[in-house]
Amino acid sequence: MTDRTPPQGRARRLFSRTSWPEARFLADVLRTETFGGGLLLLGAVLALLWANSPWADSYAALASWVPWPGGSDLHLDLDLATWAADGLLAIFFFVVGLELKREFVAGDLRDPRRAALPVVAAIGGMIVPALIYVGINLAAGGENLRGWAIPTATDIAFALAVLAVIGSHLPQGLRAFLLTLAVVDDLLAITVIAIFYTGDFKLTPLLVALLPIALFGLLVQRRKTWWWALIPLAVVAWTLVHESGVHATVAGVLLGFTVPVLRGREGDRHGLAEHLEHRWRPVSAGFAVPVFAFFAAGVSLRGADLGGIVTDPIVVGIVAGLVLGKVLGIFGSTFMLARFTRAELDRDITWTDLLGVSLLAGIGFTVSLLIGELAFEGGTAGDNVKAAVLTGSVIAALLASAVLSRRNKAYRRIAAKERLDSNRDGVPDVFQHRDG
C-alpha cells in the first residue's frame, strides 16, 4: 500500500480512500458479506417464525438433537445448536484470523497512522456499551454482570445487508472504515471470549493443541495446501481446544494466524491468506453464520411476560448498549481523535455519515448472541438475551437507515466519481489522485 502521509502543513484527513488494490479487495469482501448478511437475516427470521409457530416443539427438538451420542469421552456429545455455535463458528473465526493477519501485515492496520482511527473507534465502541450495561445492571449484580460484553460486538454481515436493503452507496473510505472497525471489533471479541468466558480450564489439552496448530502452520508456511492433511489437523486442534475449556472457536483464529500473508513467489497473484480467505469466506458467510443464526435466534415469545422482558435490567442494558453505547463510543472517540490530532474529515464525508455508520455498528448479532449463550446458558435469562440482541439490532438498523438514506443522493454522486476512469486504464481517477 502506498504511503498516505499528508504533505507538511496539510491537515490529516479521516476516512480517506484506500489504495486501489485494497479498494478492489474490500469490494470483493463486501459483496460476499452482503450476500451472507441476507442469508443471516433469512435464517434469523425463519427461526423466529418457527419458534413462535404451532410447530415450535419440532424446532426445539431439532436444536437439541445430539447427532453423536457416543462422543461423550471427548465431550463431543453436543446438540445441533451447540455444534453450530462451537463448530461452524470456528470457520467464521478462521476467516476472522485470516482477516486480522492480512490487515496487520499488508492492510490498513500495518500503518499506525491509518490504524489509529478504527482501533480507537473500536475500543470506544467496546468500552462505552460495556459501561452502560454494567451501570444499568450494577444494582442487580451477580449473574447479570456476566453479560457485560454482549452489547460490545458488531455484525458486519448484518450491517451490510441493511445497507443493501436501503440502497445506500457509502463512500469507499467509510466502507473501508466500517470493515476495518469490524475486524478490530472481532479481535477484541475473541480476546474477551478467551479470557472471560472460558469454562473449566484444562492446561494439558491446550498445550497439546499447539502441536496440530504448529503442524498446520508449518504446512501452510511451505505453501502446502494439502486439504487431506490440513483439515484433519484443524479438526484435531479444534477438538483439543474444546476439551481444554477455552471456547473452541479460538482454535479457528489461531489457525488463521499461522497462514502467511505475503506472496511466496514472484508469479503468485495473491498471498496464501488472501487465497484461503477467498475460498472460505463464502462458506463462512453463506453457510456457517446463517446456520448459527437459525439456531441462536429462535426465541419463543408465546406466553412470555412482555412487561417483565422490557423491564429486565439485562434486556435494558443490552439494548441501551447497542443503540446508545455504540454511537457514543464510536462517534465520540472519533470526534475526540479528530480534535486532538487536528484532523479533518475527507471532503466527501460529513459527521452525519459517521453518525449513521456508528448506528450501523450497533447491529451486534452473531458475536453478541454467541457471548450471550456463554454468559447465560439457557433459561429465561438466555431467552431474554436473544430478544434483547434482536431488538437492539433492529432499532440500530432502523435508525441507521433513517440517517444514511437521507444522504443517498450524495452517495450516488460520490459513487459515480469513484467509478470514473477517464483514461480507461482500469484504475478510477480518484485512486490515482487521492490527494487532489
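Cβ coordinates are placed from backbone N, Cα and C, and glycine is handled just like the others.
Here Swiss-Prot flags 35-55 (among others) as transmembrane segment.
According to Swiss-Prot, the feature transmembrane segment maps to 80-100 (among others), an assignment based on sequence analysis. Non-local neighbours of the transmembrane segment (80-100) in the same chain are 62-67, 183, 186-187, 190, 234, 238, 242, 247-257, 259, 273-274, 276-277, 280-281, 283-284, 287-289, 291-292, 294-296, 366, 370, 373; each lies 6+ residues outside the stretch with a CB under 8 Å from one of its CB atoms.
For 116-136 (among others), the entry in Swiss-Prot reads transmembrane segment.
Remote same-chain partners of the transmembrane segment (147-167), defined as residues 6 or more beyond its termini with a Cβ less than 8 Å from a stretch Cβ, comprise 30, 33-34, 36-38, 40-41, 125-126, 129-130, 132-134, 137, 178-179, 181-182, 185, 188-189, 192, 196-197, 285, 289, 314, 317-322, 325-326, 360-368, 371-372, 375-376, 385, 388-389, 392-393, 397, 400-401, 404-405, 408. Here Swiss-Prot flags 147-167 (among others) as transmembrane segment, drawing on sequence analysis.
If one looks beyond the transmembrane segment (176-196) by at least 6 residues along the same chain, the residues whose Cβ comes under 8 Å of a Cβ in the stretch are 15, 17-18, 22-23, 26, 29-30, 93, 96, 99-100, 103, 107-109, 117-119, 121-123, 125-126, 149, 152-154, 156, 159, 170, 246-247, 249-250, 253, 330, 357, 360-361, 367, 370-371, 374. Under the heading transmembrane segment, Swiss-Prot lists 176-196 (among others), citing sequence analysis as support.
Here Swiss-Prot flags 201-221 (among others) as transmembrane segment, drawing on sequence analysis.
Annotation comment: Swiss-Prot describes 226-246 (among others) as transmembrane segment, evidence class sequence analysis.
If you look up Swiss-Prot, you'll see 283-303 (among others) marked as transmembrane segment. Sequence-remote contacts of a segment are chain residues at least 6 beyond its ends whose Cβ falls under 8 Å from one of its Cβ atoms, and for the transmembrane segment (283-303) they are 32-33, 35-37, 39-40, 42-44, 46-48, 50-52, 56, 59, 63, 80-81, 84-85, 88-89, 91-92, 94-95, 157, 365-366, 369-370, 373, 383, 386-387, 390.
Annotated transmembrane segment per Swiss-Prot: 313-333 (among others), in sequence order, evidence recorded as sequence analysis.
Residues annotated as transmembrane segment in Swiss-Prot, with sequence analysis given as evidence: 354-374 (among others).
If you look up Swiss-Prot, you'll see 385-405 (among others) marked as transmembrane segment.
Long-range contacts of the transmembrane segment (201-221) within its own chain (CB-CB distance under 8 A, at least 6 residues past either end) are made by residues 229-230, 233-234, 236-237, 240-241, 243-246, 251, 254-255, 258-260, 272. Pairs of Cβ atoms less than 8 Å apart link the transmembrane segment (385-405) most often to 354-374, out of 116-136, 226-246, 354-374. By the Cβ criterion (under 8 Å, sequence separation of 6 or more), the transmembrane segment (313-333) is in contact with the transmembrane segment (116-136), since 3+ such pairs are found. Listed stretches 116-136, 226-246, 354-374 were compared with the transmembrane segment (35-55); the greatest number of C-beta pairs under 8 angstroms is found for 354-374. Sequence-distant contacts of the transmembrane segment (354-374) (same chain, six or more residues past either end, CB-CB distance under 8 Å): 15, 40, 44, 85, 89, 92, 125, 147, 149-155, 157-159, 162-163, 170, 174, 177-178, 181-182, 185-186, 189, 192-193, 197, 247, 249, 289, 292-293, 296-297, 318, 322-323, 325-327, 329-331, 334, 345, 382, 385-386, 389-390, 392-393, 395-397, 399-400, 403-404, 407.
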